[in-house]
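Colleague: As listed in TrEMBL for this protein:
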type	residues	note
BINDING	His191, His299	substrate binding site
BINDING	Asp211, Asp222, Glu419	divalent metal cation 1 binding site
BINDING	Asp222, His291, Glu324, Glu419	divalent metal cation 2 binding site
COMPBIAS	10-20	compositional bias 'Basic and acidic residues'
COMPBIAS	30-41	compositional bias 'Acidic residues'
COMPBIAS	51-65	compositional bias 'Basic residues'
DOMAIN	123-338	domain 'Peptidase M24'
REGION	1-92	region 'Disordered'
Amino acid sequence: MAAQAAPAEELSKLSVEETKPVPAANGNDSDAESGDEEAEEGAAAPAAGAAKKKKKRKPKKKKKAPTSQSEPPRVLVSQLFPNKQYPKGEEVEYANDNLKRVTNEEKRHLDNLASNQEFLTDYRHAAEVHRQVRQWAQKSIKPGQSLTEIAENIEDSVRALTGHSGLEEGDALIAGMGFPTGLSINHCAAHYTPNAGNKMVLQEDDVMKVDFGVHVNGRIVDSAFTVAFNPRYDPLLEAVKAATNAGIKEAGIDVRVGDIGAVIQEVMESYEVEINGQMLPVKSIRNLNGHTINHYSIHGTKSVPIVKSNDQTKMEEGDVFAIETFGSTGNGYVHEEGEVSHYAKRGDAAKVDLRLSSAKSLLNVITKNFGTLPFCRRYIDRLGQDKYLLGLNNLVSQGIVEAYPPLVDKKGSYTAQYEHTILLRPTVKEVISRGDDF
């Protein structure tokens, strides 16, 4: 905030001493009169200057703090919420046996602990950034845009709203992208983002999954939506959105993840979509799952299937889950195919004596800038690194870095995705990434 300029001090009034006319040396009266006039003019000049200096300067107007987001998003979310009172997600009471948690005093105490409040503040901050960026993205994404343009628009907005460009060493670990922007089209269901030189352009008849993460202090919000311009794909999108919401509704403390998968599959597969005169069932992609999210780690140890299974793993208090579902008009099964763009350093990687100097150098860059957060090649490029592919492939082969190739169903099929992050708090389930859009 600019300091208000203080008014100029009033100058003390100037007094001009009366001067006696000095007779001219030659006794000429006109010369004497001329001297009198000059004296009067000399006295008038400082008096006028004093009057001019007395005029008060107008104080500078204070720059008003922004109250709304710009387009494209560039206003810090922390400026829009200066007291750090970020919006809560959708709070849902626990059902059945867990209903007592809402009124249990001990649970209320746990929910209000200072450490838990810091955790919630970071998560709600990240969620608000995600909401504002994705709502703008949903309006701005149009056919004819390159995938690189779309990805960079989203990522530049996330970095601007968190206030961390990620260009200085360690800056991206404070806040920013939780993982690269996935822009997976049609039969490609996940893990596709453009590498440098990619010329792919979004088409009018495409179905594109937009999946990106935002983190604040390692608290990652993972949420995704699907863009389609042709209304014939609406039933596919509706099926997946309904299935995701059914999974969220079923989720809760002590709930078995296999039971959630059964509910998701039942809802998903109650839909069908007509494409080119053919009615096609919408299938849950059975080898894709939701998952827990850990601190600075997008994939935790628990999975949430999106088909019926015998998995007896229970959700627990304090868990953070990404509830995501994928529907397909194809086989309902994906496999790895295509050029890799997504990577992440493994948190459990054994210490390896790297012989390749480029691998050692790149590992140092990854560790200091991304830690265990996922990254893509474009993120390495923007740090000024080049000729790093040999070193990157070496880190993958040594088991230090995990590669995530694109995941695709059969060609000619269409896939859709919706996803939200939920927090299983002691007293309520909070759908932290919920917004007016979905």
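Residue numbers in this text run from 1 along the chain shown.
The backbone N, Cα and C atoms fix where each Cβ goes, and this holds for glycine too.
Burial and contacts for the listed features, if you can.
Modeller: The Cβ of His299 (substrate binding site) lies under 8 Å from the Cβ of His291, Thr292, Ile293, each on the same chain and at least six residues away in sequence.
Around Asp222 (divalent metal cation 1 binding site), a 10 Å sphere centred on its CB holds 28 further CB atoms from the protein chains shown.
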Colleague: Please report the distance from the Cα of Glu324 (divalent metal cation 2 binding site) to the Cα of Asp211 (divalent metal cation 1 binding site), rounded to the nearest angstrom.
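Modeller: That comes out at 10 Å between the alpha carbons.
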Colleague: Inside 10 Å of the Cβ of Asp211 (divalent metal cation 1 binding site), count up the other Cβ atoms and send me the figure.
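Modeller: Here the count is 25.
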Colleague: Near Glu419 (divalent metal cation 1 binding site), which residues of its chain come within a Cβ-Cβ distance under 8 Å, counting only those 6 or more away in sequence?
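Modeller: Listed in sequence order, they are Asp211, Asp222, Ser223, Ala224, Phe225, Thr244, Gly290, Ala322, Ile323, Glu324, Thr325.
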Colleague: For the binding-site residues listed here (His191, His291, Glu324), which one has the lowest count of neighbouring CB atoms within 10 Å of its own CB?
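Modeller: Counting other Cβ atoms within 10 Å of each of the binding-site residues His191, His291, Glu324, the minimum falls on His291.
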Colleague: Suppose the divalent metal cation 1 site is Asp211, Asp222, Glu419. Which further residues of the same chain have a Cβ inside 8 angstroms of that site's Cβ centroid?
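Modeller: Those within range, site residues removed, are Gly182, Phe212, Gly213, Ser223, Ala224, Ala322, Glu324, Gln417, His420, Thr421.
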